[in-house]
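Below is one structure, written out as structure tokens; the observations come after it.
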Amino acid sequence: MREDQPCKVVCRIKLDAESTKNFKEKIDDEYRVNMILDNLPVAVLRQRRDGSQSTTYEHGFRVGFKGNYAGSKEKYFINNHLSFRVMFHKDTETDAARIVGFEVTPNSINHEYKDWDEKNPQVTTCNKDTKNLVPGSTVPQEVDLGKEVVFTYDVTFKESDIKWASRWDTYLLMNDDQIHWFSIINSLMIVLFLSGMVAMIMMRTLYKDISNYNQLETQDEAQEETGWKLVHGDVFRAPNNYGLLCVYVGTGVQIFAMTLVTMIFALLGFLSPSNRGGLMTAMVLLWVFMGIFAGYSSARLYKMFKGTEWKRNTLKTAFMFPGVLFVIFFVLNALIWGEQSSGAVPFGTMIALVCLWFGISVPLVFVGSYLGFKKPAIEDPVKTNKIPRQIPEQAWYMKPLFSILIGGILPFGAVFIELFFILTSIWLNQFYYIFGFLFIVFIILIITCAEITIVLCYFQLCSEDYYWWWRSYLTAGSSAFYLFLYSIFYFFTKLEITKLVSGILYFGYMVIVSYAFFVLTGTIGFYACFWFVRKIYSSVKID
């Protein structure tokens, strides 16, 4: 610490056919080397594109580069000399110092030496006295079969005014806050437009409808009922596969609770990028502990539908969604293992995840389910007829497939700009830390899902179609379909992935994300619609 190191030789290697091929591939694919010093990632200084004087950091340094040297054809060169600059902040009272910056300047140098001494190797292309590279010796190190590569580094320490508490600020310098504000204003416009529509339906249409229905005096007038009042005897009829709907709604509540609490923790600064892996750990643990809400909400709904097999319902809630995720994750991890990548999740960690799932999540789902079934069943505001009524022929735009697909466009539109930043941070080696923006977008997503589902549900009931249970879930949930389409578009326009395993990995993880997004948005839409339908039918007098 605080002792400069001039030209240190690490090792020399001779490139064989395999390592030459490997290096060339890595240079082609723009691989980066990442190092960590005192929990700070190594960074290369980069000037801002907008011409301002401030600098930003590029994470990691490139393995090498392609170029022409001395008029030759394009060749591959490796960065084999690293100049590290470590910034430290000195405590004025104790003379102790703490590391506040870790920068590197990578160079490609064809090192020369007289005699190679294994114990104390020296190269002539580094000058020990001036502590830097000898001028004129900057012939780059070519990557080719039989070439000898000597790896070297030097370290300089520099005092800095940056305090230890704010040493991450440069890493998290934001270039595109204007785009974020633009995306939030764009999303707010969608929300205002939808809120206006919902308010109009609630105030004008419903108010008029309810007052008309409640003033019906003669039986003749009662015969002329139209619209949503007509289906009052069928609107609370249990849907097909209501058990599955309960399972998905319970799982959605679990995801919603996990997301909300994770975001609040992140907003308070507990999950900053400096706390490596903190975000994923928090999400897994919160998911496990939120199992109690999944069991409770699933059981309440199941009891309302007069379901009898509560144990089967609880087991499905505990195993269905995590089971699908685990299978996909296990297959993807097996592929990474096959590639012998260090990115593979160790077998011990997989066992630990299964233990968390079976040891904490499943029992909590059963506890929640027990509490839910102990509660009295939710009473319907109107009685359900014995015989279901005929649904009239629907207009083309009220057909299920069309209205479900239309419903997903607006929630996706409200979040897709933020989604671009999230995908970039996951797949293009950048930090994501703008949780304030993310929280605002999440609130906008909730409101948009709720409002679009209510609007479309009202139109559906007005056209005397009372199959709204699944439709309300799928209407908001279909935004996940657009999310997956966008991830395909992002793959082909922004990423340069050529290897099959990498492609499978990308789409595998995007399937998991889209599936979770489907369950989350679907549940929000369902509960909004459930509240709305109960509200309008409980405010109408029905003989």
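Keep in mind that glycine also has a Cβ here, set from the backbone N, Cα and C atoms.
Feature annotations, courtesy of TrEMBL:
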type	residues	note
TRANSMEM	179-202	transmembrane segment
TRANSMEM	245-271	transmembrane segment
TRANSMEM	277-296	transmembrane segment
TRANSMEM	317-338	transmembrane segment
TRANSMEM	350-373	transmembrane segment
TRANSMEM	401-428	transmembrane segment
TRANSMEM	434-461	transmembrane segment
TRANSMEM	473-492	transmembrane segment
TRANSMEM	504-533	transmembrane segment
Top partner of the transmembrane segment (179-202) among 350-373, 401-428, 434-461 - counted as Cβ pairs under 8 Å: 434-461
Stretch among 350-373, 401-428, 504-533 sharing the most Cβ pairs under 8 Å with the transmembrane segment (317-338): 504-533
Remote residues contacting the transmembrane segment (434-461) - C-beta distance under 8 A, at least 6 residues beyond either end: 174, 180, 183-184, 187-188, 190-191, 194-195, 197-198, 201, 205, 227-228, 231, 235, 259-260, 263-264, 266-267, 271, 398, 403, 406-407, 410-411, 414-415, 418, 421-422, 468, 471-472, 475-476, 479, 521, 524-529, 532-533
Maximum Cβ pairs under 8 Å to the transmembrane segment (504-533) - stretch from the list 245-271, 277-296, 401-428, 473-492: 473-492
